[in-house]
């Protein structure tokens, strides 16, 4: 629990009332558990590695057990290595419960949030923490709201392209090394690997520059969902590049498919403008409009019309 960011702690509004020595207990599973069955004495398949969430129902049953002097289930529950217990709705557990929990060093936490809201927020936080992660070389920028991961060989111009995009009002997320996490199984969230050196760029011939200081806080983002990958490569005259845009390429990162665009680089090509156009075109696709397919259908329709009119005219017809 100590590893939570300050923002995440504030969103959960947690307050420790007992078991402070156990705040460093490891949390190894992102799921939650409602301990109703455990309190009733059923200890088969105990999900003891999960965070134990006590709502109003569990609290009412807990009070009934304590009033009847039935401490057995509670004492046995604390023989397991529980990461922590959280009481929602601002409920403060009875002193007897805190006394039974103290020897196990299980933190007892209280939050003002409802059980449903706490579950949603906890799952969001834990999903981010336990998300599979990979680090890739590239530059992550936000262009017209679209997260673009610029990749390519060293020296192809990734940082220079990103710098021009920042100059044009877009935002930098990470340069050189991007940490990518798969959240909820289908979203790729990218960020800088090291916060202390984040939002710095290395420009050959110029050195290290601080984007925040040069362009202001409006030119950066802490994290962004990756919605497109742009592969910059040296122009290869023997390679056939897509000129219509009807061929949709994809790449896979952490088992998530992402649209891929291959852009050949050579003198005279304005790569930043091409990336801006690619970002706007991607937004159109997400809105249901595919420019290349619309153009292709228009051409086919025109060809069909010409083919239908052809039998009615002869080459020597004059008007």
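The backbone N, Cα and C atoms fix where each Cβ goes, glycine too.
Just so it is clear, the model here is predicted, and its values are computed rather than measured.
If you look up Swiss-Prot, you'll see 137, 158, 243 marked as active site, on the strength of similarity to another entry. Annotation comment: Swiss-Prot describes 176 as active site, proton acceptor. Residues or ranges marked as ATP binding site by Swiss-Prot: 152, 153, 154, 155, 156, 157, 158, 159. Summarising the annotation, Swiss-Prot assigns Mg(2+) binding site to 159, 202 and lists sequence analysis as the type of evidence. Annotation comment: Swiss-Prot describes 264-269 as region 'Important for the catalytic mechanism of dephosphorylation', evidence class similarity to another entry.
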Counting other CB atoms within 10 A of each CB, which of the binding-site residues 152, 155, 157 comes out lowest? 155
Helix, strand or coil at residue 159 (ATP binding site), per DSSP? helix
For the region 'Important for the catalytic mechanism of dephosphorylation' (264-269), jot down how many residues DSSP puts in helix, in strand and in coil. 0 helix, 2 strand, 4 coil
Would you kindly give the Cα-Cα distance separating residue 243 (active site) and residue 155 (ATP binding site), rounded to the nearest Å? 25
Same-chain residues at least 6 apart in sequence with Cβ under 8 Å of the Cβ of residue 158 (active site), in sequence order, are 138, 139, 150, 151, 152, 232
By Cβ count within 10 Å, point out the most packed of the active-site residues listed: 137, 243. 137
Taking 10 A as the limit, how many CB atoms besides its own sit near the CB of residue 153 (ATP binding site)? 13
Intrachain C-beta neighbours of residue 159 (ATP binding site), sequence separation six or more, cut-off 8 angstroms: 139, 175, 176, 201, 202, 203, 204
Enter the number of other CB atoms within 10 angstroms of the CB of residue 202 (Mg(2+) binding site). 11
Between residue 156 (ATP binding site) and residue 243 (active site), what C-alpha distance do you get in Å? 21
For residue 152 (ATP binding site), which DSSP three-state class applies? strand
